[in-house]
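Database features (TrEMBL):
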type	residues	note
BINDING	B:HIS115, B:HIS119, B:ASP306	Fe cation binding site
BINDING	B:VAL137, B:VAL138, B:SER139, B:GLY140, B:GLY141, B:ASP170, B:GLY183, B:ASP187, B:ASN276	substrate binding site
DOMAIN	B:28-312	domain 'Gcp-like'
Amino acid sequence: MKVLGIDTSNTPLGLALADGNVVKGEWITNVKKDHSLRAMPAIESLFRQCGMAPKDLDLIVVAKGPGSYTGVRIGVTIAKTLAWSLGIPIAGVSSLEVLAANGRCFSGLIVPLFDARRGHIYTGLYHSDGSVLRQLEPDQLVVADEWARRLGERGEDVLFIGADVLLYHELFQRVLGGRAHMAPPSLALPRPSELVMLGKEKERRNAHTFVPDYLRLAEAEVKWLAKQKGERNDGDRCTISANDHS
Amino acid sequence: MNEDVYVLGIETSCDETAAAVVKNGRAILSNVVASQMESHRRFGGVVPEIASRHHVEQITLVIEEAMQQAKVSFSDLQAIAVTAGPGLVGALLVGVNAAKALAFAHGIPLVGVHHIAGHIYANQLVSEMKFPLLALVVSGGHTELVYMEEHVKFKVIGETRDDAAGEAYDKVARALGLPYPGGPHIDRLAQEGEPTIDLPRAWLEEGSYDFSFSGLKSAVLNTLHRAKQRGEEIDPKQMAASFQASVVEVLTTKTLQAAKQYRVRQVLLAGGVAANRGLRTALGERMRQELPGVELVIPPLSLCTDNAAMIAAAGTMLYWQGRRSDLALNADPSLPLA
Ligand SMILES: [Zn+2]
């Protein structure tokens, strides 16, 4: 089975091609540049390097979010369109789960995270038996302080993974002390090969109905809903600009 | 041309997800538009993030529908044409990346199209373009006078310096308490009223073909505000008629001046505001009186508002001219028309 994996959900651009259980090629860059510009040329180049053609594919796996709204949409749009036009299914994997997979050899709690600005993070809680990841808490958008406190209450060792961990390093050290572990830089970026391998085990979906997991409503919707309820936004629900093009 | 050319067009620059198949740049085989207007109505305007989310949900469905209606498969297509700009960047990105994915997966040439070029080439779906020509493009996002000496050679001789005409319509409509989108409501009210309220016309410098509608918009808002303070009623019909009279007079006068100066053979009206009855009637009458030898072409409503058949039509002409985009094609929210 030949699989293409696409992750443009956050700053890193990740692609992988696999044939069965063999990863044929993997592409990762971690620069703040336009995914819309670079994703398709990178996909074309990876196919060429691996001596494969789009018509060989059996499955497309995509990182479905959370992350930058625009970034998630670019990857999902490419994945959906390729899958539909090639007549093959699509599988989605949480962008956080992909990151968590980097910690699969850690015996404590695994916490992947992406910064969501204004003190908020996208995160989740995972555990691994050394090979298979298990999700302990759903992916969520949460205030970093509150998340640190909840993790502290668990009294276990925690591995934090992600390029944005640096932003919250001090907070986690302060709350968790010696139980906080930071993944090294070589494990800080989501691996598209992990995306592909995780995706192979996920439910096959129809390309037409596949949508991103933004994990939050657009700002205009939050405001509109608040207005319908006749109350102001209580500030607990985080929103960002309706025009998020990061 | 001894071989028929089939082009798939994709358009997602604002709040319509659209795909179409056009044969030889002239014949519409399908023209599918999924409008999001209902989703945006509650916000009183297009919300970019929500528009982008809808595009992702609709994009493959709309393309499939367009190809099924046209009874074509990927191997029948000579090119894929997609709106690369201008427009809402997040919305454009969906169409551009879908088009690039299709072009790559099936080895089909890709052609990036300027949205305004699309509006102008909508005319080619109903009539033959005769050069030199002048196009007046008026929509929610644009007010432009474009001169064309020949195919795909565009020269913008006038554009708005602030609001687009359609934008001014929406804002005035809101002030009059009319539902979104306001353009058609003002047009309807204007037919019933008389232009009795004195409103300014922005002619700008002598000889300029540029437009400005923000002064007019402010004048309307101020008039309404002052009347309210004095406890007076202003009949929305009279205000709609007066506002429309100002917009239409400026648009038609500048169009006629330019048509005369550039000695064009044809005048095209394009863009969503081309559906406006006041504008259609006034332009038609003045053309008949002052430029009887010049043809006026106004496409039907379905081709005036945003659609992908117009993008496919423009894309076909670009394809014939040898224009190609590569997989690095990007959405450009302020793409120049050149
Ligand atoms: Zn338009």
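Just so you know, glycine gets a Cβ as well, placed from its N, Cα and C.
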Using B:GLY183 (substrate binding site) as the reference point, find which of the binding-site residues B:HIS115, B:HIS119, B:ASP306 has the shortest Cα-to-Cα distance to it. B:ASP306
Using a 6 Å cut-off on Cβ distance, which of the binding-site residues B:VAL137, B:GLY183, B:ASN276 come close to any atom of ligand 1? none
Return one of helix, strand or coil for B:GLY183 (substrate binding site), based on DSSP. helix
I'm checking region-level scores; what's the whole-number mean pLDDT for the domain 'Gcp-like' (B:28-312)? 95
Can you tell which of B:HIS115, B:HIS119 has the most other C-beta atoms within 10 Å, given these are the binding-site residues? B:HIS119
Enumerate same-chain residues with a sequence separation of six or more from B:ASN276 (substrate binding site) and a Cβ-Cβ distance below 8 A; give 'none' if the list is empty. B:VAL138, B:GLY183, B:ASP187, B:GLN244, B:VAL248
Quick one: give me the count of other CB atoms within 10 A of the CB of B:GLY183 (substrate binding site). 25
DSSP secondary structure for B:SER139 (substrate binding site), reduced to helix/strand/coil, please. coil
Counting across all protein chains present, how many other Cβ atoms fall within 10 Å of the Cβ of B:GLY141 (substrate binding site)? 23
